[in-house]
Amino acid sequence: MVHTNQAPVQAADASNKPEIELADDASQIGDTKGMGAAEQENAVGYREYLEAMDIEVTEKESTRLRWKLDLIILPMFLITQALQFMDKTSLNYANLFGYQEALGLKGTQFNYLSAMVYAGYFIGQYPCGWLIGRYPAQKVLAISIFAWGFTVIIMTQARSYSSALAVRFIMGIFEAAVTPGLTLMTGFWYTRREIPLRQCIWYSSLGWGGIIGSYIAMGVSKLPQLGGATCLWAFVIWFFMADSPSNAHFLNHRERLIAVKRVSGNQTGIKNKHFDKGQIWAGFTDPKTILLFISVFAAAIPNGVVNSFSTIIIRDMGFDTTMTTKLKSVGDGVQVVALIIGGSIILNVPNSRLLTATTANILCTVAAACMAYLPRSNTWGRLVAFWLVNSQSVGFTVSLTTISSNMAGYTHRSLASAVVFTAYCWGNFAGPFVVKPTDAPRYEGATVGLLVGYSIKLGCHLGLLVYMFLVNKHRDRVYGPSNREASDEAGMRDKTEFENKDFRYVL
């Protein structure tokens, strides 16, 4: 492939419009003259990247480092996500123990109470990407965890609908740092090949959290302990997690260099402290962002139903309270198994992430159809279908990996994440209103909502697969084979995939 010496200024003007033809800039590989001291300081890990260029890394060293990250970083992500999920969905279990009656809720008030956390989430998640980029990520996360844990404790003192509504809104603001933050941070530590399985593992904490919640019969009476545990966990994150591989206190100097060298191969960089105004357009108009927005919104409506009303739907199939909590945990187990299987397939089969997501999407769409149209007398058939809709988490997790491994330029990536999680917020906000008490015991509106939402997500993921496949083919035809060294360098310099014509999507 021929590379020109044209200045990268050409790329800056129109840099972030999808598939605008820009000049390649591979001439500055390993040359810091193109970056000032401030730019190098903002590009986290860039100096370590340059230092690591000439070191030889053995397979044994790389494997040992990966295991070290898996044993330190991954459990922190998983526990954080599990605590957030249990705190957020505690009302689902409280439903079984008379919480609506205790607060004197009427009509759709419980729906609003359940949904309000996502309104707060919407407000809070926009600054999340900027804060994690500008300041130490683990400290931003720890402060958010402590604050939301404290609001969980306050929730036990709510004695009226309005006070409970306000607390749930504030809780959502602080919880907004978690899933978007962990999505961005997964790309700080892991390679493109490793990201999907690790993301599936920590996202499976939703299933683990649901199982734990079922068996401790988590309701309002358990919130003080849960909130206290969350506050204590914030100190663990503050002191033991690190911002990025370049300054990880639990790695020695050589391990830091190897860790940075590994993730530089993602072609997306680690993170950049500078908010690049030139990447704003890409953040909002990237075709991948638009497709993910539609798919996540469509799937989040059913998700809001499952998270807030799964216990009620199962109970109204004819089971008592004790059996309901146990049966609900089976669906959570299905979610865990589906995520681990999906992540393992993606790890071992190249370019299989969107095909794996499509398979899971078909499964949950068929399950939703069975819920909607199987006769009420077929209790166990409908129950198994309700369990299987939890496989939809595979598709959602693949959506998140698209952000962390197929979007370059930190401002672009963080804004795209904010847009996608906006869809997540408003879909989950709308979800509880699909469930109408008058629809009991079949809840036809809710089950049809599941079917429609999952069908739309299926179509969007297929569209995403076609788009990225065609872009890769176009670039190979026009520019020739990808120059990986040039692409890695562009990623560490915070260039978007639209500027970097050596970038190729992983499918």
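The first residue you see is number 1, and the count goes up from there.
Cβ from N, Cα, C; glycine included.
Because TrEMBL annotations are produced automatically, they should be read as predictions rather than curated entries.
Model, not experiment: these values are computed from the prediction.
Feature annotations, reproduced from TrEMBL:
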TRANSMEM  69-86  transmembrane segment
TRANSMEM  112-133  transmembrane segment
TRANSMEM  140-159  transmembrane segment
TRANSMEM  165-188  transmembrane segment
TRANSMEM  200-217  transmembrane segment
TRANSMEM  223-241  transmembrane segment
TRANSMEM  290-313  transmembrane segment
TRANSMEM  333-349  transmembrane segment
TRANSMEM  415-435  transmembrane segment
TRANSMEM  447-470  transmembrane segment
Would the transmembrane segment (223-241) count as touching the transmembrane segment (112-133), if touching means at least three Cβ pairs under 8 Å and pairs must be 6 or more apart in sequence? no
Within-chain partners of the transmembrane segment (165-188) [C-beta distance under 8 Å, separation at least 6 from its ends]: 77, 80-81, 84, 87-88, 112-113, 116-125, 128-129, 131-132, 137, 140-141, 144-145, 147-148, 151-152, 154-155, 158, 195, 198-199, 202, 244-245, 263, 266, 268, 270-271, 400, 403-405, 413-414, 417-418, 421, 424
Stretch of maximal Cβ-Cβ contact with the transmembrane segment (447-470) [cut-off: under 8 Å; candidates 69-86, 112-133, 333-349, 415-435]: 415-435
Spatial neighbours of the transmembrane segment (69-86) far in sequence, C-beta under 8 Å, 6+ residues away: 141, 145, 148-149, 175, 178-179, 182, 185-186, 189-190, 198, 201-206, 208-210, 212-213, 218, 226, 229-230, 233, 236-237, 240-241, 250, 259
Would you mind listing the long-range same-chain contacts of the transmembrane segment (333-349), meaning Cβ under 8 Å and 6+ residues beyond its ends? 193-194, 196-201, 203-204, 206-208, 210-211, 356-357, 360, 387-388, 390-391, 393-394, 397-398
